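S.K.: Take this structure first; my questions come after.
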């Protein structure tokens, strides 16, 4: 009996270590860097972490719904870029010399946000329709949309970078409440609460997990699979539009390269956080953990003086390992 308990304990410990290997390694790195670099745990660094993670968290929340239904969204990064460029062209200073729309009157910030989210949302509806009605694999559908969105962004902006934003726009991302809590963090917090409620307390969330678990069974049970998928991809693209709006404000400029590669980080962050690429599993809290793992990894490498070029190599390795571990868990369950 004792031998059986011992084996079970060893198996559970081994399973925990293997399933959370990346997170544990990052925590170990944090301890090493934290005790060797004096400014690592400073308030300034923590504030930067919160601001950098906020935009990525919003994108990852959008991607998560696609992953939970056994799909993906490779158009996320380019849609973020489109959202940033739309906001950038509408929210420049009236007296800015290189204004994109010289005759446009002063445009309200909220209207710029609405335009970014709704226009980006239209591409999400197209993604959802292609996946739901034409049964095109999400990988192919969103890969094609990625190229289409990038092309539209190039045509729209003429590939010119944009700046000269009015202060009321940049303040949305760079301002803070009481001089301590970044607005970006508060916006991401609201998005997180909304997504948690949507996933856990609504019929939409139940349908989403049902489709990810077994689409055929969900359909037989009365779930409108097509409508649910369209809503998921529409919401995802709306969130990309919001993220693009915030990314442009945070950087103080935007171009067609804004958001490039963000979709891969978002997918990896979701996977690290327990959102299975095999569908049916995923929590908002896990998504947050996955995003923080990625952002903390970048900060640790910066403090260690690692060449920024090597950061991409490390990130690529993390993505491969994360997906491999997720596949391992899926096969173990079967």
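Cβ atoms here come from the backbone N, Cα and C positions, even for glycine.
So TrEMBL says this about it:
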TRANSMEM  21-43  transmembrane segment
TRANSMEM  110-134  transmembrane segment
TRANSMEM  139-157  transmembrane segment
TRANSMEM  177-199  transmembrane segment
TRANSMEM  284-304  transmembrane segment
TRANSMEM  310-327  transmembrane segment
S.K.: So which of 21-43, 110-134, 139-157, 177-199, 284-304 has the most C-beta pairs under 8 Å when paired with the transmembrane segment (310-327)?
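M.R.: Per the Cβ count, the answer is 284-304.
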S.K.: Three or more CB pairs closer than 8 Å, sequence separation of 6 or more: does that hold for the transmembrane segment (284-304) against the transmembrane segment (21-43)?
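M.R.: When sequence-distant Cβ pairs are counted, the transmembrane segment (21-43) touches the transmembrane segment (284-304), since at least 3 lie under 8 Å.
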S.K.: Determine which residues of the chain contact the transmembrane segment (110-134) at the Cβ level, with the cut-off under 8 Å and only residues 6 or more beyond its ends counted.
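M.R.: Residues 71, 73, 75, 79, 82-84, 86-87, 90-91, 141-142, 145, 148-149, 169, 225-227, 229-238, 240-242, 244-245 contact the transmembrane segment (110-134) from elsewhere in the chain.
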